[in-house]
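Below you'll find the structure, written out as structure tokens, and then a few comments.
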Amino acid sequence: MNCCRTLRELEIQVGEKVFKNIKTVMKAFKLIDVNKTGLVRPQELRRVLETFCLKLRDEEYEKFSKHYNIHNDTAVDYNVFLKNLSINNDLNLRYCMGNQEVSLENQQARNSKKERLLGSASSEDIWRNYSLDDIERNFCLELSKSYEKIEKALSAGDPCKGGYVSFNYLKIVLDTFIYQIPRRIFIQLMKRFGLKATTKINWKQFLTSFHEPQGLQVSNKGPLTKRNSINSRSESRKENIITKLFRCTEDRSASLKKALLIINTKPDGPITREEFRYILNCVAIKLSDSEFKELMQILDPGDTGVVNTSMFIDLIEENCRMRKTSPCTDAKTPFLLAWDSVEEIVHDTIARNLQAFYNMLRSYDLGDTGLIGRNNFKKIMHVFCPFLTNAHFIKLCSKIQDIGSGRILYKKLLACIGIDGPPTVSPVLVPKDQLLSEHLQKDEQQQPDLSERTKPTEDKTTLTKKMTTEEVIEKFRKYIQQQDPAFKKRFLDFSKEPNGKINVHDFRKILEDTGMPMDDDQYALLTTKIGFEKEGMSYLDFAAGFEDPPMRGLETTPPQPPTPSKSYVNSHLITAEECLKLFPRRLKESFRDPYSAFFKTDVDRDGIINMHDLHRLLLHLLLNLKDDEFERFLGLLGLRLSVTLNFREFQNLCEKRPWRTDEAPQRLIRPKQKVADSELACEQAHQYLVTKAKNRWSDLSKNFLETDNEGNGILRRRDIKNALYGFDIPLTPREFEKLWARYNTEGKGHITYQEFLQKLGINYSPAVHQPCAEDYFNFMGHFTKPQQLQEEMKELQQSTEKAMAARDKLMDLHQDISKAFTKIDKSKTNYISICKMQKVLEECGCSLTEGELTHLLNSWGVSRHENAINYLDFLRAVENSKSTGAQPKEKEESMPISFATLNPQEVVRKIQEVVESSQLALSTAFSALDKEDTGFVKATEFGQVLKDFCYKLMDNQYHYFLRKLRIHLTPYINWKYFLQNFSCFLEEVRISAAHKHLFENELKLVFTKWIID
């Protein structure tokens, strides 16, 4: 259409379209007019006209609406609008319009005549006389009659064309075009079609899956649930029954063969006519009596009453091969079979395999609740009833589904079959994988003949073979190792509690109830072998005898059963009491001690674990509990979901130690007490050192490298750290500093073996506590490993290079890191923890270990407060490092020398430059400390003064400097001699490169004057 239509043309076209579909248009208006006011919004009026009549351009609709006094801000009386439209077009609407009240009454009267089920939505008494199946059948019939109208109405309620409408809107549409249903019944009805009241409805998918358009004419003749089923009587009699059967089973041959094998696992075995007809009705086609009789004349010409399955399967395979060579061009039609026939074959199949079916159900319901998840139930049904389609499965679940939880009441299904309780022989639960493999591999077993198969199930279960002692012991071991709940429950039915004892008579009854009957001689031998005493045996005593491989009292050890599959162990749920019993043992098997378990569980390294961390630890130990059982487990431990544990509390749980009066639970003090928890980690590391020093001093001393001039061993910070890491006891830098301060109380930087052992509470023995026997080299009376200085120099150089690379990367990512910090700081405190800072840097592309990050922060002078960092200071430090590196060379001399980025070779030279340029200031600072003017200050005070003048001098650089001067073990340093002769030392360092053998002797002479014994 290239030009706009005139007003007259619009009136004629709209009028013709409206009055051809006047009933549908009126229903659409009333659908929108929920409150029955007779008014709709102008936008809704236009949407109805464009949906049911014709599309209008904006200028056309503006012209049309102006003529009928329709304004954007005023509601429209659609009855008046239709009357005016009819008057302008000289049409008579009396047959469908008239008074609005009369129209509503007539509409209700017509709705009441539609079906006997129709009535007032508010009155549920009428609906109670009909089952949900009856309602569904009539509902489907009415929907098929109004399919196109419902489709248009749902499309009108989807202006965005997204394909979704609300559940309430769907109900309004269906109530308008079909009949009004009480909301409670409507929700139940929609659940049958897979719709939920809490989610948006994909109305296109609903209509497509619920009712195909090409089946409208068929569905008008009968209920929709059978609209796709094959009515054999409607087929031509001239068509051969075999040809028809093959046509219907073309895409279902695999399911048909599997169903036949489930009924008869022997491929060439016979099958009764009734069984064969059930399978055909479910999987392929529902045959009439005459058609089935015609088929039997071909498959059973001798009228023996049985069908040879191998012959029929061969016919199917031959038909498939022929169709592959000459494909059929006819369109395939999916078949939805009658539910009555499907339900009958399902019940019959379950009854034939009752024991295996019940065992598999119980393997998913260890607590015997009678409930099973929908997905698990579907897996089981596909094993036993592979012919079950999704539509049939939904139909089955709708009858036995628990409305509250959505789970399946499988005991209700068993009751429908006529089984009120468990099978005659109590099931012996085995892993689900084993059940599946056993059932799917039935063709490997010998199948009894037809006469024996047709006997009642009860006759088979009563004939039970007597078991030997070895077989029973084998089963016992399997029960205990797999934690079989059925056997344990039966045992506790007699003993009442795990510690309660049962007598010999009750024990034999347990064996018989669990499918292990024995004769008197074998039973007497069994009680002797398992150590059954006169006073009886408890379940705990019984289980303990089978947990360890060498069972007590056994003359011959039976072969070990196969270890249960990992999938079974992971899915095996246990009770809170079982978890309480297994937790300490599993912890010892998986971890060396409680500290290792706590360290692995405490992922954020804050010294605190919550109940989520504890639950994750249980899963790691293969202790799987449901959520409610986990809460019960916490209750047995005296805990709640909201509490936290420090290491001491966790250790008490693992080792079941009584609380001491000085060990108040940390959660009673405050939720997070990180300082106390770091001390607990230090205490654990200290206990490790105590144990090693007492029992394995030779292993511990391998990490101690130095002795003093008298041959006594000395320890430094890195020696203790290397020892802890060698024993797999890593500590955070903050925790290690606390531990080192515990030993280095005088701040000398080193301690002797005597001092170290005294801190450990061990008496020093010169004969035992000796340094590790290695070659040492003498430097000024101190024996140090020759490689030590080289290793430390290399380590210091590597750390400096890493720090420079990290600084460059942080400069490049400065903006991204700043945004990430701002986003994570929701409380706007400007502080974040070290762990979170690590995580943010890693996400931004700069991965640093805690040690590297700590080194970087210390080099930039960024302080920490309770293991938290002010990220604004951190960002400022990054900016300053960036600006410092970008300054021109002529300004570098005016800036203080930063030692953070210097390599080890430059440290001594730079300190010498600082000393030369700041002689007077250094002398003043040392004099302030040396108030008595002795010329000596403590080594710690000496280091602090140097750090004040040497910008960002690191601890490892300072200690390297002291060892380079050979004064790292001196408690007091002559600062006056240092200021006067330090430049001479630097000159001798240069000479030593060419005259190393002379330098050592000269070095002794130069620095002997520094040291006062």
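Every residue gets a Cβ built from N, Cα and C, even glycine.
According to Swiss-Prot, the Ca(2+) binding site annotation covers Asp602, Asp604, Asp606, Asp613, on the basis of sequence analysis. Its Cβ taken as reference, Asp602 (Ca(2+) binding site) is surrounded by 20 other Cβ atoms within 10 Å in the chains shown.
Sequence-distant contacts of the domain 'EF-hand 1' (20-55) (same chain, at least 6 residues past either end, Cβ-Cβ under 8 Å): 13-14, 61, 65, 70-72, 74-79, 81-82, 93, 96, 100, 103-104, 107, 149, 152-153, 155-157, 159, 172-173, 176-177. Residues annotated as domain 'EF-hand 1' in Swiss-Prot: 20-55.
The domain 'EF-hand 2' annotation in Swiss-Prot covers 145-180.
Feature annotation from Swiss-Prot assigns domain 'EF-hand 3' to 251-286.
The annotation domain 'EF-hand 4' is assigned in Swiss-Prot to 287-322. The average pLDDT computed for the domain 'EF-hand 4' (287-322) is 72.
Annotation comment: Swiss-Prot describes 352-387 as domain 'EF-hand 5'.
Taken from Swiss-Prot, the feature domain 'EF-hand 6' applies to 482-517, supported by sequence analysis. Under DSSP, residues within the domain 'EF-hand 6' (482-517) fall into helix, strand and coil as 21 helix, 2 strand, 13 coil.
What Swiss-Prot records for 589-624 is domain 'EF-hand 7'.
Swiss-Prot lists 695-730 with the feature domain 'EF-hand 8'.
Sequence-distant contacts of the domain 'EF-hand 9' (731-766) (same chain, six or more residues past either end, CB-CB distance under 8 Å): 605, 678-679, 681-682, 685-686, 689-690, 693-694, 704, 706, 708, 712-717, 720-721, 724, 850-851, 854, 867, 938-940, 959, 962, 968-969, 971. What Swiss-Prot lists as domain 'EF-hand 9' is 731-766, and the listing cites sequence analysis.
Among the features that Swiss-Prot reports, domain 'EF-hand 10' is placed at 812-847.
Summarising the annotation, Swiss-Prot assigns domain 'EF-hand 11' to 917-952 and lists sequence analysis as the type of evidence.
The phosphothreonine feature in Swiss-Prot is assigned to Thr732; the stated evidence is similarity to another entry. Using a 10 Å Cβ-Cβ cutoff, Thr732 (phosphothreonine) registers 19 neighbours.
Residues or ranges marked as region 'Disordered' by Swiss-Prot: 441-460.
Around the Cβ of Asp604 (Ca(2+) binding site), a 10 Å sphere holds 13 further Cβ atoms from the protein chains shown.
The number of other CB atoms found within 10 A of the CB of Asp613 (Ca(2+) binding site), across every protein chain shown, is 18. Mapped onto DSSP classes, the domain 'EF-hand 1' (20-55) shows 23 helix, 2 strand, 11 coil.
According to its DSSP assignment, Asp602 (Ca(2+) binding site) is coil. The secondary structure of Asp613 (Ca(2+) binding site), as reduced to three states from DSSP, is helical.
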